[in-house]
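Undergrad: According to TrEMBL, the transmembrane segment annotation covers 12-31, 37-56, 68-86, 92-109, 139-158, 164-182.
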Amino acid sequence: MTTKKYPDIAPLLGSNPMGGFLPVVLLLLLLPSAGIMVAWTAAIALFAIIGGVLFFRRKSKNCQPSVLTSLGVLVLLLPTLWLSKTSPLTDLGWSLAAMLLAVAACRLFRRSSGREGDYADCPHKRLVMLEYGRITGSILRISLFFIFLLGLLLYFRVGRIAHLLLYLPGVSLLLLYIYEVIRLEWVRREMRHEEWIPITDAQGESIGRIARSETEALADPTAGLLPVVRLIAICDEMIYLSHYCKCDLCTGDCYDTPFFSWLTTDKHHKELAQSLIDERFCGVNRLKPHFLLRYIHNENGKDRLVYLYLAHMSESNMILCDKDPRAGKWWPVDQIEEQLSGLTFSPYLRSEMPYLRQTVLLAEQLTNLHE
């Protein structure tokens with residue numbers, strides 16, 4: 001499988017909605033010293049650059065709504081360019097009002113049209129839209145705060161203090177952008193250390209993926225199946241089992257095969273089965289596991305797609321018993337079946353034993369009788 005182990009995240013621009021607001025940030029920073037005309041022109045130039053970058057990057061194309069919101073702010077400010085000479089405080093007031101109106105209108109439009117559902121099939125776009133909703137909420141609060149503060153200072157005619165606040169809105173948004181870059185970079189690094197499990201349909205075709213640490217969150221059977229690879233080691237009508245207290249694939253104190261794992265996006269189930277047996281096999285020739293069947297296992301209302309493999313060993317000492325600290329030993333099949341109805345063995349093994357008895361173990365028994 002060629003799927004990457006973690007989703008693409010671009011902290012500077014593609015996955016950061018604050019990147020789309022950089023033209024507005026630049027406008028607010030230049031406004032006090034350069035005036036509305038120069039600040040607006042510089043913001044339009046930066047908007048063109050950012051729009052071009054996003055357009056030619058397929059991952060970000062048409063999924064960064066903050067760029068359009070910035071354009072709305074600049075369009076609303078366009079009539080102010082032809083007004084008579086105004087003070088920096090007035091220009092700042094117009095800019096904050098335009099930002100407030102544009103952001104509020106975009107949020108209302110998205111809420112009324114329910115656009116979030118359009119991106120359910122693309123995790124990256126879904127991430128951007130969720131971040132956009134959170135960021136625009138912060139920008140609304142910042143705009144309202146500074147509009148209120150500016151009006152309060154002008155009402156009490158403390159213009160000198162008001163002039164000291166000219167740079168604060170732009171600096172606040174710039175700090176918000178830097179914070180988002182740092183946060184998304186941290187998320188990206190955390191994702192690199194995360195294992196990703198494919199979400200599949202009943203035929204094993206991948207329809208999505210989920211982090212291993214979030215597997216418990218996939219409780220809806222209609223959302224898909226999480227694949228598990230299991231390998232049963234047999235020798236002379238015995239099965240090798242280990243004791244487990246609890247793990248992310250078993251719910252309590254039980255015995256089960258030590259050769260099982262979630263199937264991750266960077267491996268095929270055959271490769272994973274081979275690596276599971278290679279870790280503890282000490283024979284001369286490399287043992288090749290055989291694929292038995294694929295089945296759906298339900299436990300506590302959660303469906304798992306299980307790939308069952310078999311490793312047939314000619315000698316019981318081919319497994320490194322001290323490789324794993326868990327207590328493991330060879331169990332006679334008759335002893336397993338005697339206790340199968342109890343809670344000694346894992347639900348997976350209990351569901352697999354009838355199949356193993358009627359196929360693999362029966363074939364081995366017949367072979368031993370003819371020798």
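Note: Cβ is positioned from N, Cα and C throughout, glycine not excepted.
So where do these features actually land, and what's packed around them?
TA: Outside the transmembrane segment (12-31), and at least 6 residues removed from its termini, the chain residues within Cβ reach (under 8 Å) are 38-40, 42-44, 46-47, 50, 53-54, 57, 59-60, 64-70, 73-74, 77, 88, 91-92, 95, 99, 124, 127-128, 131-132, 135-136, 139, 166-167, 169-171, 173-174, 176-177, 180-181, 184.
Listed as Cβ neighbours of the transmembrane segment (37-56) (distance under 8 Å, sequence separation of 6 or more from its ends, same chain) are residues 13-14, 19-20, 22-24, 26-31, 64, 67, 70-71, 74, 77-78, 81, 91.
The list of residues near the transmembrane segment (92-109) in space but at least 6 beyond its ends in sequence, with Cβ under 8 angstroms from a Cβ of it, reads 24, 27-28, 31-32, 36, 65, 68-70, 72-73, 76-77, 80, 86, 133, 136-137, 139-140, 143-144, 146-147, 150, 166, 169.
When Cβ-Cβ distances below 8 Å are used as the criterion, the transmembrane segment (139-158) is approached by residues 21, 89, 92-93, 96-97, 99-100, 103-104, 107, 165, 168-169, 172-173, 176 of the same chain, each at least six residues removed from its ends.
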